[in-house]
Amino acid sequence: MPRSFLVKKVKLDAFSSADLESAYGRARSDLGAPLHDKGYLSDYVGPSSVYDGDAEAALLKGPSPEPMYAAAVRGELGPAAAGSAPPPTPRPELATAAGGYINGDAAVSEGYAADAFFITDGRSRRKASNAGAAAAPSTASAAAPDGDAGGGGGAGGRSLGSGPGGRGGTRAGAGTEARAGPGAAGAGGRHACGECGKTYATSSNLSRHKQTHRSLDSQLARRCPTCGKVYVSMPAMAMHLLTHDLRHKCGVCGKAFSRPWLLQGHMRSHTGEKPFGCAHCGKAFADRSNLRAHMQTHSAFKHFQCKRCKKSFALKSYLNKHYESACFKGGAGGPAAPAPPQLSPVQA
């Protein structure tokens, strides 16, 4: 904590005001009450007696008002603690200065851990409450005796009955069979595709993936009204329809784009900005996708291999450039190799 936030000197009991002191002195002399050695009234003054005007009855030699802590609380500590002196202050070094001031130079800032200022949000509390609610039924079912499930008179026997009249057992078995379908979550909580075996974390992602297994001749396939391209995946078709709506236009060259981030990346070609740099070699790129493609060149996995010289490449575009090099033009005195086969878009 900065030192500017620390209070250097604070006056304790020396508040002085001429008007307040004079008014207090006049009232003290009018009452005629005895004073304590520290300057305050030692006896309790009954307000009813003062208001009635009885000066002699104004001084009540009765006990003082009730203390802040009840006597029963003090008695619980034992008879030895009841008459003991109050404990000393825990920080006596702060009040050693003369005149009743706190010595701010001797004060030390208290340090707190980060957990002391951490306040959990509603999601953490809801997660904890849901976890507790889920643990309660499992604990109750584990603690139930085995005799309750065998047809006893309780509600547990009726819900878990396995006989012909046990509706609970029949419905539970049907639910288990329904959950054990081809798209159900496995042991690891993943949802597997029944056709290709690919797994997904959520059932919605699995249902979206299943659209890719549809045939182009299926009734669920949709055709683009602009270009006639057929799609079996509705999210893919929705993204394709945006390519026909070129509403984002470059103000420099007039080129239009379907998405604003594509226009933003295009503007870097005019400004020369390359904010995406490679951490391995320092090469910079204007687009993040180009950086991701470049990062594959530093990977140990190079899946594209030249059929002649057996040289491997991480990107297919690098392999195509290698096909156009001297290796396939009969360089180094060797015979010219045949042109690389043209792959269809599906094989690519």
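Cβ atoms are placed via backbone N, Cα and C, with glycine included.
What you are looking at is a predicted structure, and each value in this text was computed from that prediction instead of being measured.
Taken from Swiss-Prot, the feature region 'SNAG domain' covers 1-20. In the predicted structure, the region 'SNAG domain' (1-20) carries a mean pLDDT of 54.
The compositional bias 'Low complexity' feature in Swiss-Prot is assigned to 130-147 (among others).
Positions annotated as region 'Disordered' by Swiss-Prot: 130-189.
Summarising the annotation, Swiss-Prot assigns compositional bias 'Gly residues' to 148-172.
Annotation comment: Swiss-Prot describes 173-182 (among others) as compositional bias 'Low complexity'.
Feature annotation from Swiss-Prot assigns zinc finger to 191-213 (among others).
Here Swiss-Prot flags 222-244 (among others) as zinc finger. Packing against the zinc finger (222-244) from elsewhere in the chain are residues 208, 211-216, 258-259: each is 6 or more residues past its ends and has a CB under 8 Å from a CB in it.
Same-chain residues lying 6+ beyond the ends of the zinc finger (248-270) with a Cβ under 8 Å from its Cβ atoms: 242, 286-287. The zinc finger annotation in Swiss-Prot covers 248-270 (among others) and is backed by sequence analysis.
The zinc finger feature in Swiss-Prot is assigned to 276-298 (among others). Tertiary proximity for the zinc finger (276-298) is limited to same-chain residues at least six positions away from its ends with a CB under 8 Å from its CB atoms, namely 265, 268-269, 314-315, 317-318.
Positions annotated as zinc finger by Swiss-Prot, on the basis of sequence analysis: 304-327 (among others).
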